[in-house]
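Novice: Below is one structure. I have some questions about it.
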Amino acid sequence: MESNKDEALRCLAIAKNSFEAGDLSKAKRLAEKSKRLYPTAQVEQFLLITKKTKDPIQDRPHQKTSSSNLKQPKESKLAERKYSTDQISAVKAVLSCSGDYYKALSVERTATDKDIKKAYRTKALLFHPDKNNAPGADEAFKLIAKAYDVLSNSNERAIYDSSNCTENRNMRTSSSFYQPSHAYNRRYRQEVSPEDLFNMFFNGGGMPSSFGTSFHTNQSRHHSARHQKYQRQQQYTRQSQKQNQKKNQYAKQQEEGLAKYFPLFIILIILVFSSLFSTQDEPLYTFQPAASNTYKRTTSRNYVDYYVNPNTFIGKVGNSRYRLKRAEKQIEVDWVGELRKNCNREQKQRGYRSSKRPPSCDAYDRLSRRV
């Protein structure tokens, strides 16, 4: 609803001008449209005024005959107007577009609001009846106005695009004027006349023009406000694009930096894993000096000698007497196992008939009783 506010205010401004010009029916019609688009207190107040006002045209029926009397010299004057073959070709080209509003304005479907406004300015000046006297110029001028009125409104443009997406693929005839986009034409009815739109576009924008009457001041401000809003949107879009480009460049630089140091990370990970696995393969203690276990220690209870790596052993046991006691207990148990293995091996080597026991067996017997 908020998106139709600008269009509603524009219709209300045109309705006020029509009311001041004495066209009460047109003023009521445009005020009703403004109310449908975006209800405001201003339009409600204006509708009350129009309901209380009588139509001066209905009160003066005798003016109809006088206007018909003036019509004949005007028509004879129009018959004397001249036009060129280029103007005829241009009119035929526009009329052949029928309901294809993009083609009528000579713009792409991806055209922006700025492109559509620029195209309308060019076409409207080219086909205005006061400048182009070729047959059909008035119809071409109306078609251009209708095309701009639809494509300049985001809601109307979306409805037009959706209703013509399928129809334009299936219907490609050119038998009469305004033939394509039937589905859209049933929903849309242009209530702003082409002349009012032309005056709003040129006279309302402060540009000099020899066509029609001057437009109201508040419509000029309204058009300027819409233009400023469009410029702010464009500026915001450009700023967003610049920010996105900076973010993409920063991300790309980070990726390139990580790619440079990636081999170093791999080497570091390999070194860490190799050191971890190497320390896990080392025994905490041995009963003979080894590559890393070179520091000799003795259990406090049964005086069993063993060798350790000081750094590793302290890291496991620390300063805890309880852990040291448990470790030495396990060391003595393991040493008893070693003595038993040696005893069995020496007995097998000497044979079962030998009466003398090996020294390892005596040591095993003595230690196993205490452990």
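Placement of Cβ uses the backbone N, Cα and C atoms for every residue, glycine included.
The structure displayed is predicted, hence computed values, not measured ones.
Below are the features I grabbed from TrEMBL:
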type	residues	note
REGION	52-81	region 'Disordered'
COMPBIAS	52-62	compositional bias 'Basic and acidic residues'
COMPBIAS	72-81	compositional bias 'Basic and acidic residues'
DOMAIN	100-164	domain 'J'
REGION	212-251	region 'Disordered'
COMPBIAS	219-230	compositional bias 'Basic residues'
COMPBIAS	231-251	compositional bias 'Low complexity'
TRANSMEM	258-277	transmembrane segment
Novice: Please count the residues of the domain 'J' (100-164) that DSSP assigns to helix (H, G, I), strand (E, B) and coil.
Specialist: 45 helix, 0 strand, 20 coil
Novice: On the DSSP side of things, how many residues of the compositional bias 'Low complexity' (231-251) fall into helix, strand and coil, could you say?
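Specialist: Residue counts in helix, strand and coil order: 21 helix, 0 strand, 0 coil.
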